[in-house]
Amino acid sequence: MTVFTPTILLCAGGTGGHLFPAESLAHALRARGIRVALATDARVDSIASEFPASEVVTIASATPSGRSPLKRAGAVLTLGRGFGVAAKEIRRINPAAIVGFGGYPTVPPVLAGQILRVPTILHEQNAVMGRANAFLARGARTIATGFKVVRGVPDKARAPRIHTGNPLRPAVIEAAKVPYPAFGPDDALRLLVFGGSQGARVMGEVVPEAIARLPDALRARLHLVQQVRPEDLTAVQNRYLAMGLAGIEAAPFFKDLPARMAASHLVVSRSGASTVSELAAIGRPAILVPLPGSLDQDQAANAATLDAIGAALAVKQPDFTPERLAAELTACFATPAKLTAAADAARSAGIHDAAERLAEVVVETAART
């Protein structure tokens, strides 16, 4: 007797912000005995080579933005070619449902699925719906959200909205078990700095100069872990060596970032959806610097959710100066009780079972066909 095993097709662009929640959902679906396939773009190899999918389909994509009409037209043509490939692959895979995680690379496979009448679920990680998801929302059966309140959902999108939270990687769930590390007046102060999956030049420019401005006694207690873009690594390391900072670890990427978050007293970072959700789940206070150039200011909206409950301080990039950061670090480390309260506030906003919640939504939506 042949046993039918349903397949769910996950569609996510090849950056960590989209792939990490898709990876978490894949683990949750596979635990239910469901086969998982992944449709993505060519960047995936550098981010998630061990994605738990039975097969990975690479579909050409592009982002139709920028000022050049020729580049926009070229992007539309690329998306059109991707649509043709996606439609062919969907007929072959025959998924019971398709889940899109946002970003223009998901448009060809999700749109093809909608036209082929495959149930589609959109997961919006940010507090503002991205343009790709907004374009696809009208044809979705269900819209799952990472934040309780999401702006920018089109009026014509009639699908039910379900707040699942953002699915978390197993390493984040494990890190969330670690209590906030208490510290006394003479203890080491552990600061983690990172700029998201693609790094952030501003962190390499501002943070070293802020550290140089700290009081000597405070700087001597500092244990700093900082993600630095490869092209900036030597300059940043030399700057810290010049100021005699011993407890410093700088690298372009940390595979064990969740564990490093859990070991930290304070985090300085961008405010992508995955970062904000992981900070909440692990329960760590943060100084968040939203990416200023995002089309819909989604990172500013994400940061505002933690700022509003006292779990983080949101600082606009023009205000993120060495002087401002040095002052904030000095104030934070001078008041351990305030940091502990911020950690508790962050943890109160965390959703640890988001992957299971989203898996349930996917299974229920697929079953309604």
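Numbers here mean position along the shown chain, with the first residue as 1.
Using the three backbone atoms N, Cα and C, a Cβ is placed for every residue, glycine included.
Classification of GLN299 (UDP-N-acetyl-alpha-D-glucosamine binding site) by DSSP places it within a helix. Residues near GLN299 (UDP-N-acetyl-alpha-D-glucosamine binding site) in space but far in sequence (CB under 8 A, at least 6 apart, same chain), listed by position: ASN126, ARG270, SER271, GLY272, PRO290, LEU291. The UDP-N-acetyl-alpha-D-glucosamine binding site annotation in Swiss-Prot covers THR15, GLY16, GLY17, ASN126, ARG169, SER197, GLN299 and is backed by sequence analysis.
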With H, G and I counted as helix, E and B as strand and the rest as coil, say where DSSP puts GLY16 (UDP-N-acetyl-alpha-D-glucosamine binding site).
helix
